[in-house]
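Visitor: Pulled these features from Swiss-Prot for this protein:
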- Ile23, Ser26, Ala96, Trp202, Ile205, Ser357: L-arginine binding site (BINDING)
- Ile23, Ala96, Cys97, Asn101, Ile205, Trp293: agmatine binding site (BINDING)
- Tyr93: site 'Cytoplasmic (distal) gate' (SITE)
- Trp202: site 'Periplasmic (proximal) gate' (SITE)
- Glu208: site 'Cytoplasmic (distal) gate' (SITE)
- Trp293: site 'Middle gate' (SITE)
- Tyr365: site 'Cytoplasmic (distal) gate' (SITE)
- 1-11: topological domain 'Cytoplasmic' (TOPO_DOM)
- 25-41: topological domain 'Periplasmic' (TOPO_DOM)
- 62-83: topological domain 'Cytoplasmic' (TOPO_DOM)
- 110-124: topological domain 'Periplasmic' (TOPO_DOM)
- 168-192: topological domain 'Periplasmic' (TOPO_DOM)
- 205-223: topological domain 'Cytoplasmic' (TOPO_DOM)
- 244-276: topological domain 'Periplasmic' (TOPO_DOM)
- 302-325: topological domain 'Cytoplasmic' (TOPO_DOM)
- 343-349: topological domain 'Periplasmic' (TOPO_DOM)
- 374-384: topological domain 'Cytoplasmic' (TOPO_DOM)
- 405-408: topological domain 'Periplasmic' (TOPO_DOM)
- 428-445: topological domain 'Cytoplasmic' (TOPO_DOM)
- 12-24: transmembrane segment (TRANSMEM)
- 42-61: transmembrane segment (TRANSMEM)
- 84-109: transmembrane segment (TRANSMEM)
- 125-142: transmembrane segment (TRANSMEM)
- 145-167: transmembrane segment (TRANSMEM)
- 193-204: transmembrane segment (TRANSMEM)
- 224-243: transmembrane segment (TRANSMEM)
- 277-301: transmembrane segment (TRANSMEM)
- 326-342: transmembrane segment (TRANSMEM)
- 350-373: transmembrane segment (TRANSMEM)
- 385-404: transmembrane segment (TRANSMEM)
- 409-427: transmembrane segment (TRANSMEM)
Amino acid sequence: MSSDADAHKVGLIPVTLMVSGNIMGSGVFLLPANLAATGGIAIYGWLVTIIGALALSMVYAKMSSLDPSPGGSYAYARRCFGPFLGYQTNVLYWLACWIGNIAMVVIGVGYLSYFFPILKDPLVLTLTCVAVLWIFVLLNIVGPKMITRVQAVATVLALVPIVGIAVFGWFWFKGETYMAAWNVSGMNTFGAIQSTLNVTLWSFIGVESASVAAGVVKNPKRNVPIATIGGVLIAAVCYVLSTTAIMGMIPNAALRVSASPFGDAARMALGDTAGAIVSFCAAAGCLGSLGGWTLLAGQTAKAAADDGLFPPIFARVNKAGTPVAGLLIVGVLMTIFQFSSMSPNAAKEFGLVSSVSVIFTLVPYLYTCAALLLLGHGHFGKARPLYLLITFVAFVYCIWAVIGSGAKEVMWSFVTLMVITALYALNYNRIHKNPYPLDAPVKQD
């Protein structure tokens, strides 16, 4: 029986590519333009961010070796802090997974408008986005092996322009172009680096992907930690080398208004054909990451449903172990949100929802850091000082990211937390038919 289950699971390389693909997603292709508002000094922001992201990846790597349970942050929060925080973590992360997909598919299909101008029509764009979302829902239903293969191909295609610019872009790199825009933010050095962090801190969302998908990974105790750290390192190298090279290729004034920095850099170096290839690869990278995030939405909901913290329908699986009903529900919700974002006013509001959903992932990150301090207590051995330092750095990384968010985004995130509290009480009453034990003794830990 176990061998049949393992046959549907995936190995180290596909999981590592899923992590790096989920991290880079669509954002990497717009990063140079976003960072151009600060200038070349952004390299310092990258160094700070990479230290924080690596610390967070090491937190997840250690947690997955201590507890290889599927569900990632949800499983850790539930084990260490009880069902309430487990429920809260799962709802936040589940929402973030599929809401983020809606923003990502619009960007990915938008790149395809380079080849099919009709996609610039709002109705055609929306219908195409819905079709693409359902393609990835159906691929997930086929099984995790299928979706990780698709994402592996998509990630490799996305890496073509990124690695190409990171390696060969330096032949067109001009030091004077880079240094002429060293700090164009109008702020002092510290302020400029802080403004950079507001962009770069978000660039590593997805570091937890392997631990959430542990239930479909072969030998998770070994492969999940390696895939987590490996995926972050791949993303970090690609980010720094490619964005720095582009900042030395394209003058700052042009880069700040560029809608396709990688495409512009490729056209500058090799002509229009190269620009078209980059647009295709960017679309493949964006759309390919949809598969991984849809898989995570299904797996985190299934893990909670198995524990009774999500409706039982999310735990129903097919022969491949895929939570079919949960994925179909996610598909319906994504379709509704996709159509609701067609009008200009709704699109503006959805932009806020997308930003809030990113903050949703930071709360599970913070809980995972705290969980490592509890679960690792007495198990770190001589490495205890190192893991305390790593956890502290990861804490600071997450908190700094929240501080850099807008006040409106933080407010709505807090409102969501309050709503989840009420939902937890209703869910408790659904599961427990007997009266609440008023005389139950208070546990002394």
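Glycine residues also receive a Cβ, built from the backbone N, Cα and C atoms like all the rest.
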Visitor: Which range out of 42-61, 84-109, 193-204, 326-342, 350-373 gives the transmembrane segment (125-142) the most CB pairs under 8 Å?
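Guide: Most contacts with the transmembrane segment (125-142): 326-342.
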Visitor: Look at every Cβ pair spanning the transmembrane segment (224-243) and the transmembrane segment (277-301), keep those 6 or more apart in sequence, and say whether at least 3 of them are under 8 Å.
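Guide: Not in contact, no.
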Visitor: Consider each pair of residues in Ile23, Ala96, Cys97, Asn101, Ile205, Trp293, all listed by the record as binding agmatine, and report the largest Cα separation in Å as a whole number.
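Guide: In whole numbers, the farthest two Cα atoms are 14 Å apart.
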Visitor: Which one of these stretches, 145-167, 326-342, 409-427, has the most C-beta pairs shorter than 8 Å to the transmembrane segment (350-373)?
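Guide: Result: 409-427.
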Visitor: When secondary structure is assigned with DSSP, how many helix, strand and coil residues does the topological domain 'Cytoplasmic' (205-223) contain?
Guide: 11 helix, 1 strand, 7 coil
Visitor: Using the Cβ center of Ile23, Ala96, Cys97, Asn101, Ile205, Trp293 as the agmatine site position, which other residues in that chain lie within 8 Å, going by their Cβ?
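Guide: Here the non-site neighbours turn out to be Asn22, Gly25, Gly100, Met104, Gly206, Ser289, Gly292, Leu296, Thr361.
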Visitor: Measuring Cα to Cα, tell me the gap between Trp202 (L-arginine binding site) and Cys97 (agmatine binding site) in whole angstrom.
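Guide: Rounded to a whole number, the Cα-Cα distance is 14 Å.
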Visitor: Among 12-24, 193-204, 326-342, 409-427, which stretch has the highest count of C-beta pairs below 8 Å with the transmembrane segment (84-109)?
Guide: 409-427
Visitor: Where among 12-24, 42-61, 409-427 do we find the most Cβ pairs under 8 Å to the transmembrane segment (145-167)?
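Guide: Stretch with maximum Cβ contacts: 12-24.
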Visitor: Could you check which of these binding-site residues, Ala96, Asn101, Ser357, sit within 10 Å of Glu208 (site 'Cytoplasmic (distal) gate'), going Cα to Cα?
Guide: none
